[in-house]
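Enquirer: The structure follows.
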Amino acid sequence: MGRPGINLVSDTGRARAGRRSALWLACGLSAAAAVTGIVVAPVDGWQGPAQRLMYLHVPAAWVAYTAFAVVLLASGTYLIGGNLRWDRFARCAAEIGVVLTAVTIGTGALWGHLVWGTWWAWDPRLVSTVLLLLAYAGYLGLRRLAAERTGGPDGADHAVARPAAYAGIVAFLLVPVVHFSVVWWRSLHQPATVLAPERPPIDPRMGAALLLAVGAVTVWAFCVLVHRVVVLERRLVVLERRPGAERAADRTRVGAG
């Protein structure tokens, strides 16, 4: 029989070692992406140095999509099986997705200012991305309101998890809208070029820098996701061990942490 896999969200020595290894991998990929993107990859002939924002902007957007896909899958799995750990994964993945979407909007605004001369335009991609951010911020707000209303801690209460799961599934409908907005409507953004075989490929050095950056952001997001779930579950364990009155007083703090 093979050795059992490592449960990275547990508190065993192997799990902690696995989390440290993932953290070192994230640091290594980040360093490689920075060197490749700043030193090795050429400067774009039209956009100039502003194009280097691509190495943060695009990975943040792609990994935000992935985080929201985790919310979708974890929410659906929770609704099917009723295991609250999946609800905790959904919550933590949504937090990561919201942060990365904000990074996407911020770097996009800076990129637009440097290239187009404006911080904001009523562009379908920009507007739909802001709506995506608001949808998942609303999802997190719904969780907090539900936890305050029911008195149960967020992450350990079916009365919070069930409506949140439905909201997380519905919110994902905006992800394909954002992604295909440049195809469906006239947009300042160009259609996909990296993964489109019919379009001229980007410089291989730019492609390598972009792939390294995507890998770095992906591993960082994974590390943060696991860390957030571990911290949340530790807080819930501590809460359950406290006396009833003290436990009730701490529920809101656990739900907001």
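Here the Cβ of each residue, glycine as well, is placed from N, Cα and C on the backbone.
Caution: TrEMBL annotation is automatic and unverified by curators.
This is the feature table in TrEMBL:
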DOMAIN    42-189  domain 'Cytochrome c assembly protein'
TRANSMEM  21-40  transmembrane segment
TRANSMEM  60-80  transmembrane segment
TRANSMEM  92-114  transmembrane segment
TRANSMEM  126-142  transmembrane segment
TRANSMEM  163-186  transmembrane segment
TRANSMEM  206-226  transmembrane segment
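Have a look at these and tell me how they're positioned relative to everything else.
Expert: The domain 'Cytochrome c assembly protein' (42-189) scores a mean pLDDT of 90 in the predicted structure.
Same-chain residues lying 6+ beyond the ends of the transmembrane segment (21-40) with a Cβ under 8 Å from its Cβ atoms: 8, 52, 55, 205, 208-210, 212-213, 215-216, 219-220, 222-223, 226.
Sequence-remote contacts of a segment are chain residues at least 6 beyond its ends whose Cβ falls under 8 Å from one of its Cβ atoms, and for the transmembrane segment (92-114) they are 47-48, 50, 53-54, 56-57, 60-61, 63-64, 67-68, 70-71, 74, 120-121, 126, 129-130, 132-133, 136-137, 139-140, 168, 188, 217, 221, 224-225, 228-229, 232.
Within its own chain, the transmembrane segment (126-142) is flanked in space by residues 61, 68, 71, 91, 94-95, 97-98, 101-102, 104-105, 108, 120, 163-164, 167-168, 171, 174-175, 177-178, 181, which lie at least six positions past its ends and keep a Cβ under 8 Å from the stretch.
Residues 8-9, 19, 22-23, 25-26, 29-30, 32-33, 36-37, 40-42, 54-56, 58-60, 62-63, 66-67, 70, 89, 92-93, 96, 100, 194 of the same chain lie 6+ residues outside the transmembrane segment (206-226) yet bring a C-beta within less than 8 angstroms of a C-beta in it.
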Enquirer: Mind checking which residues of the chain, 6+ beyond the ends of the transmembrane segment (60-80), have their Cβ under 8 Å from one of its Cβ atoms?
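Expert: Residues 86-87, 89-90, 93-94, 96-97, 100-101, 103-104, 107, 129, 132, 136, 139, 161-162, 164-166, 168-169, 171-172, 175, 179, 214, 217-218, 221, 225.
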Enquirer: State the residues, same chain only, that lie 6 or more residues beyond the ends of the transmembrane segment (163-186) and have a CB under 8 A from a CB inside it; answer 'none' if no residue qualifies.
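Expert: Here the qualifying positions are 65, 68-69, 71-72, 74-76, 78-79, 87, 90-91, 94, 124-125, 128-129, 131-132, 135-136, 138-139, 142-143, 146, 192.
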